[in-house]
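According to Swiss-Prot, the protein has these features:
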type	residues	note
BINDING	G54, E55, S56, R110, I139, R140	L-glutamine binding site
ACT_SITE	C83	active site, nucleophile
ACT_SITE	H175	active site, charge relay system
ACT_SITE	E177	active site, charge relay system
Amino acid sequence: MKVGVLALQGDVSEHIDAFTAALRKRGYTEDSPVIEVRNPEDLAGCAALAIPGGESTTISRLVDKNGLYKPIRDFKGGIFATCAGMILMATDVGDPRVHSLGLLDMTVDRNAFGRQRESFEADIRVQGLDGGSFHAVFIRGPVVTEARDGVVVLARTDKGIVAVEKGRHMALAFHPELGGDLRLHERFLKNLGV
């Protein structure tokens, strides 16, 4: 079992640490690495890919520049996308500068929570997540304004939808990798049969 983290921008090391801990918690050893993905060759053998937050227009440009657009679209593993990663997963982002992957049929509102100084933390209820509410860190995040074609809504705030999943993909407007709560990472891995 190998997990890749798109290492073009964002909190890459935090995603690596969170997925490493989640894999160990699920009984996987050092033989199940979490690696940085910078080019198409790095995706080989990965069962999952995390797309971190950052700035969505920049990440989409770097995905194109590094030849990763088609390989990620064709990737057969699961994708765990946070913040800007959620934007890249959507079919409709409302900004022509963002070359989205279009893997989840949904519309997102970029920066729905405002500027960086308006970042906040909140306890949210996530559908089907045992153990009570989830403490979520929102940093200038998006919201989903419309989910279509089997995209399942997992969580909402008063601003809109902040967590979705469909099949092997999960997209979150917040940053679960910044807290110690691994339940969403574990749920994602479990959905992949890991």
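Backbone N, Cα and C define each Cβ position, glycine as well.
In space, C83 is the closest of the active-site residues C83, H175, E177 to G54 (L-glutamine binding site), judged by Cα positions. Same-chain neighbours of the L-glutamine site beyond G54, E55, S56, R110, I139, R140, judged by a C-beta within 8 angstroms of the site's C-beta center, are, in sequence order, G53, C83, A84, I87, N111, G141, P142.
Ranked by Cβ neighbours within 10 A across all protein chains shown, the recorded positions E55, E177 are led by E177. Of all Cβ atoms in the shown protein chains, 26 besides its own fall within 10 Å of the Cβ of S56 (L-glutamine binding site). In the three-state DSSP scheme, R110 (L-glutamine binding site) is classed as coil. Between the CA atoms of S56 (L-glutamine binding site) and C83 (active site, nucleophile) there is a gap of 9 Å.
Straight-line distance linking the Cα atoms of H175 (active site, charge relay system) and the residue listed as 'active site, nucleophile', rounded to a whole number, equals 7 Å. Here the residue listed as 'active site, nucleophile' comes close to G10, P52, G53, G54, I139, R140, G141, P142, L172, A173, F174, H175: these same-chain residues lie at least six apart in sequence, with C-beta atoms under 8 angstroms from its C-beta. R110 (L-glutamine binding site) has a Cβ environment of 20 other Cβ atoms inside 10 Å. Of the recorded residues, E55 (L-glutamine binding site) and E177 (active site, charge relay system) place their C-alpha atoms 17 Å from one another. Cα to Cα, R110 (L-glutamine binding site) and E177 (active site, charge relay system) are separated by 20 Å.
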